[in-house]
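Just passing along the structure, written as structure tokens.
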């Protein structure tokens, strides 16, 4: 863990004004994307889409079911049966009415209430528990980025739980609901090939994340970012409702693809997944035990912190090979939706922007942390995400 500084001096995300605007812009973006998917013509020229009534966004009974979903996942998180718990959670989620999970407005309301709770409790947190990037002293900025690093209720780590469980599993459930909706609306005996590809690719991604969930402990979200509105909204609303956009789009805009095209898209996804998984495994295995004889072929640049920077293997190819694999997979998820509209490609466009921004944040933090060793590493590995593109 990074040792928190007394005050956050370098503000990110546009500072106080930028974070204030993002608190409103992020929910508006989710609402806009979901409304556009329901339009017969979801083109950018068809703006704005008809807005829903307040009554359609709020229903106490549905909100109660959403709370049941959240605490249901928390129960399985606490079970001392390791990776079996989330498998049971995915299978048992069918007990809950899948369709009410699609009430994104209620998820947004819950994430806002949770964010307010997190900020209020952080005001009493000791200095050493505050986030390095969320201790500016500005209310809106700290509320957005997260004031407390890893808030816990007893031994229950709120950020670690929300980072993977309810949002990722909710993403799978929504995708499955969209698959069933497509079959029902179009009177199909089985889902379309496009829908099968989207569900399969994204299910693989979620299962991989949950199976390797301990790897999240080395990410920027856990180490540096506090748990505030940014992560609460991202985990509980943005991930399940925006990441399932391709499946939602295919329900109202079915796309027929041939088996050769499906095979080509599958190969592309497999390439991306192989890069993503092998790069992450290489890094995580090295961090867990740098002295492992199986990793003796890896070369490193020593740093003043005692850690080594990998300069061979995937991490000698580009500085963020896992991001490269992520982007390739994101493209594969969008291709089954065809090329009639740009809407299903929002995810891959957004994801490239997100990873480029995150890469810049990584660069900044690593330069401060490793100093001259990081400069040597950059000279040895000049390419950031894409090979031969700085």
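Every residue, even glycine, has its Cβ placed from backbone N, Cα and C.
A TrEMBL annotation is a machine prediction, not a hand-curated record.
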Give the range, chosen from 187-208, 297-318, that TrEMBL lists as transmembrane segment.
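The listed stretch tagged transmembrane segment in TrEMBL is 297-318.
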When you get a sec, could you say which of 223-243, 370-390 is annotated transmembrane segment by TrEMBL?
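Checking TrEMBL against the ranges 223-243, 370-390, the transmembrane segment one is 223-243.
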Transmembrane segment per TrEMBL sits at which of 145-166, 255-276?
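So the range that TrEMBL calls transmembrane segment is 255-276.
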Hey, which bits of the same chain come close to the transmembrane segment (297-318), Cβ under 8 Å, at least six residues off its ends?
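Residues 275, 278-279, 282-283, 286, 290, 324, 369-371, 373-374, 376-377, 380-381, 383-387.
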Should the transmembrane segment (168-186) and the transmembrane segment (223-243) be scored as in contact, given a threshold of at least 3 Cβ pairs under 8 Å and pairs 6 or more apart?
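The transmembrane segment (223-243) and the transmembrane segment (168-186): touching, yes.
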